[in-house]
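Colleague: After the structure tokens below, expect a handful of questions from me.
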Amino acid sequence: MNIRKLLSAKVQAAMAAVGIPPACAAQVVPSKKPGFGDYQANGAMGAAKAMKTNPRELAQAIVGQLSQVRALEDIAEKVEIAGPGFINIHLAPAWLGQQAGQVLAAARLGIDAQQPQTVIVDYSSPNLAKEMHVGHLRSTIIGDAQARILEFLGHRVIRQNHVGDWGTQFGMLIAELEEHLGSGEAADFALQDLETFYRQAKQHFDSDPDFADRARDYVVKLQAGDTDILALWQQFREVSLHHSEAIYRRLNVTLARDHVCGESAYNADLPVLLEDLQQRGLVIEDQGAQVMFLPELADKEGNPCPVIMQKRGGGYLYATTDMAAMRHRVTTLKADRILYFIDARQSLHMQQVFAAARRAGYVGEQVSLEHHAFGTMMGEDGTPFKTRSGDTVKLAGLLAEAEQRAAALLSGKASELTPAEQAEVSRKVGIGAVKYADLSKTRTHDYIFSWDAMLSMDGNTAPYLQYAYTRVKSIFRNAGVDPASLAGDIVVSAPAETALVLKLLQFSEAVEQVAREAYPHILCTYLYEVASLYMRFYEACPILKEGVDEKTRASRLRLCDLVAQTLNTGLDLLGIETMERM
Ligand code: ARG
């Protein structure tokens with residue numbers, strides 16, 4: 001069920017019937033202003049321009065055709081022309097109620113499965129040398145929501161956690177680990193605190209020339225596949241991945257070990273890739289480096305943009321690994337779309353590797369390459385979010401604080417929950433608040449991280465939506481009714497009811513738009529509107545009060561059920577948990 005698509009198809013058919021060329025789109029959109037109907041078709045203006053005729057007459061012809069073939073009979077109660085040729089469609093409440101009833105009975109809340117594609121979602125992808133910090137939050141949260149949404153629509157989603165587990169800093173880290181293990185310490189103990197460990201390694205590297213030599217030697221050995229060095233690297237990687245996985249679980253993020261396909265995975269392929277580029281004359285030696293020149297990204301003077309594939313001395317770069325990853329994703333994983341959730345500061349890098357991969361023919365035109373960039377998380381002072389002492393904020397600590405703050409927020413309320421249940425609710429509210437605060441902002445913008453704003457019980461926040469959900473569920477508890485036992489039509493009469501039902505039926509439009517454009521805030525705004533319209537409906541339309549007839553009560557309870565299911569499903573698609581009471 002997608003009203004917009006349904007109306008588009010009907011209007012498009014009418015346009016064809018009155019001789020409008022198929023290239024002219026029906027342009028059906030939800031109406032922005034009350035009084036202009038629920039949807040409007042704006043295609044008559046464009047068509048009139050193309051055909052050099054009068055738009056209002058064309059709109060008249062389209063509306064005439066719609067009514068002649070009764071295309072919108074039952075669906076719309078009124079179709080009228082406004083302004084220069086807008087066609088305003090007022091949907092019929094009876095039809096809306098009927099559709100809502102069908103959606104309740106359908107799988108996936110009536111959202112049609114899409115033509116399945118294989119979609120790679122590259123997200124989170126921390127560098128393993130460091131503990132996960134706020135800089136990894138946005139990619140992890142937004143990427144996970146996107147993966148869930150695409151999966152929900154029936155796509156084959158392949159999550160790829162392109163962790164930074166390779167490169168020169170690993171020589172240093174391995175040398176440090178060796179020191180610890182030499183003194184009898186266990187690897188997981190030595191690496192308990194990755195930050196301290198990294199700092200120690202760096203200090204050793206800078207102050208002790210022997211250590212530095214060893215570290216450099218280990219890089220070479222690592223790349224040559226030396227078994228002892230690889231074993232140490234493996235231990236480091238294991239402990240570090242473990243740490244990330246604990247964060248993912250806590251964040252309710254679906255990434256698992258199977259999704260890790262980091263930089264090291266492409267190591268063996270890099271010389272092969274370079275040779276291929278060399279043989280086909282796509283890289284040129286320039287000051288000892290192997291460079292690809294991209295005329296498609298030329299500067300103002302027309303000089304092609306250089307991308308280094310191999311440094312002088314033989315080292316490979318971040319870009320080389322990304323080339324290998326793209327080739328793997330297309331050739332082996334058979335991707336139709338590849339989505340990257342990476343900070344906007346890597347936009348130039350992504351542009352370069354995309355252009356290079358196209359040029360090399362590793363990614364054909366039929367495959368969509370998409371960098372979904374995002375802005376920076378700012379502190380309340382408007383500079384990038386840091387601790388008071390200016391350090392990066394570690395995720396483990398941030399999430400613990402979120403849970404504590406949520407517990408404090410909820411402790412003020414009378415609760416019928418056991419302490420264990422309260423702790424569970426605090427966890428869901430705290431984590432949900434952090435995630436939702438991020439997801440609800442336009443992805444490409446910077447945003448200010450504010451505990452007070454994200455934990456507010458009113459406004460576009462997770463706690464508000466989670467609370468709205470519990471309120472709907474409490475109606476069923478108070479009525480002693482199992483929503484699954486309800487049957488019968490949804491009858492729409494009051495304006496607050498009509499507005500709510502229409503919004504509920506637009507769930508597919510929101511979800512499908514996010515699947516296409518990867519802006520999860522669209523789904524957040526949608527859910528917030530559902531919750532707000534529900535509150536208005538609840539005020540205006542009595543459900544359990546005396547004097548409400550049986551049929552109306554059942555209908556309204558079914559509507560509540562649809563609200564609950566929509567909120568629950570929508571929040572789940574965003575990776576946010578709900579609870580029955582709080
Ligand atoms: N590890 C990189 C970083 O922390 C992000 C990797 C993103 N994915 C990619 N295919 N380049 O900056």
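Cβ atoms are placed via backbone N, Cα and C, with glycine included.
Not my notes, these are from TrEMBL:
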SIGNAL    1-25  signal peptide
DOMAIN    1-91  domain 'Arginyl tRNA synthetase N-terminal'
MOTIF     126-136  motif ''HIGH' region'
DOMAIN    465-582  domain 'DALR anticodon binding'
Colleague: Over the span of the domain 'DALR anticodon binding' (465-582), count residues by DSSP class, listing helix, strand and coil in order.
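Modeller: The domain 'DALR anticodon binding' (465-582) comes out at 83 helix, 0 strand, 35 coil.
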Colleague: Count the residues of the domain 'Arginyl tRNA synthetase N-terminal' (1-91) that DSSP assigns to helix (H, G, I), to strand (E, B) and to coil, and report the three numbers in that order.
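Modeller: Counting residues per DSSP class in the domain 'Arginyl tRNA synthetase N-terminal' (1-91), I get 38 helix, 19 strand, 34 coil.
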Colleague: Work out, from DSSP, the number of helix, strand and coil residues along the motif ''HIGH' region' (126-136).
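Modeller: Final tally across the stretch: 3 helix, 2 strand, 6 coil.
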